[in-house]
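K.L.:
Sharing a structure here in structure tokens format.
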């Protein structure tokens, strides 16, 4: 069963590239959530790395568009991105050093961040970036 499901009503920003990337992130988190239940560290590590790489790329895409369009809340938005990237990088480093686990609690943390960030923060850039 999926940990999270993207719907336009709940998560749509009306910015095509962002919505498409959010859907991919949801799919990747769901896959990592299912794999985390198996305890297969090798596969978990591969999926964790792919997810973090994709999220970093996504954040850069959003930030580039925000700067191009002169989005007023760019600095605060980027600060939220930077904070999550820092948490993820620390987890990634510790996981690969054998000092941390990635389990379903981890994926629920990511879900909770996304289901708060997208509707409350990302949706605010919709009018600016889609103009």
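First residue shown is number 1, and so on along the chain.
Placed from the backbone N, Cα and C atoms, the Cβ positions cover glycine too.
Copied straight from Swiss-Prot:
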BINDING   22, 58, 62, 122  Fe cation 1 binding site
BINDING   62, 77, 81, 117, 122  Fe cation 2 binding site
K.L.:
Residues near the Fe cation 2 site, 62, 77, 81, 117, 122 excluded, by Cβ within 8 Å of the Cβ center?
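P.N.:
Going along the sequence, the neighbours appear as 59, 63, 78, 80, 118, 121, 125.
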K.L.:
Are there residues of the same chain, six or more positions away from residue 62 (Fe cation 1 binding site), whose CB falls under 8 angstroms from its CB, and which are they?
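P.N.:
The answer is 18, 77, 81, 122, 125.
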K.L.:
Hey, what's the Cβ neighbour count for residue 81 (Fe cation 2 binding site) at 10 Å?
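P.N.:
Neighbour count, Cβ to Cβ under the 10 Å cut-off: 18.
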K.L.:
Specify the count of other C-beta atoms within 10 Å of the C-beta of residue 122 (Fe cation 1 binding site).
P.N.:
21
K.L.:
If I restrict to non-local contacts, at least six residues apart, and a C-beta distance under 8 angstroms, what lies near residue 22 (Fe cation 1 binding site) in its own chain?
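P.N.:
Looking at Cβ-Cβ distances below 8 Å from residue 22 (Fe cation 1 binding site), excluding near sequence neighbours, one finds 6, 11, 13, 58, 114, 118, 122.
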K.L.:
Please list residues from the chain of residue 117 (Fe cation 2 binding site) whose Cβ is under 8 angstroms from its Cβ, counting only those at least six apart in sequence.
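P.N.:
Expected: 80, 84.
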K.L.:
Where does residue 22 (Fe cation 1 binding site) sit in DSSP terms: helix, strand, or coil?
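P.N.:
Reduced to three states, the DSSP call for residue 22 (Fe cation 1 binding site) is helix.
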K.L.:
Once 22, 58, 62, 122 are set aside, which residues in the chain still have Cβ within 8 Å of the Cβ centroid of the Fe cation 1 site?
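P.N.:
Near the Fe cation 1 site, beyond 22, 58, 62, 122, sit 13, 18, 21, 25, 59, 61, 118.
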K.L.:
Within 10 Å of the Cβ of residue 58 (Fe cation 1 binding site), how many other Cβ atoms can be counted across all chains shown?
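P.N.:
By my count, 18.
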K.L.:
Around residue 77 (Fe cation 2 binding site), how many other C-beta atoms are within 10 angstroms of its C-beta?
P.N.:
20
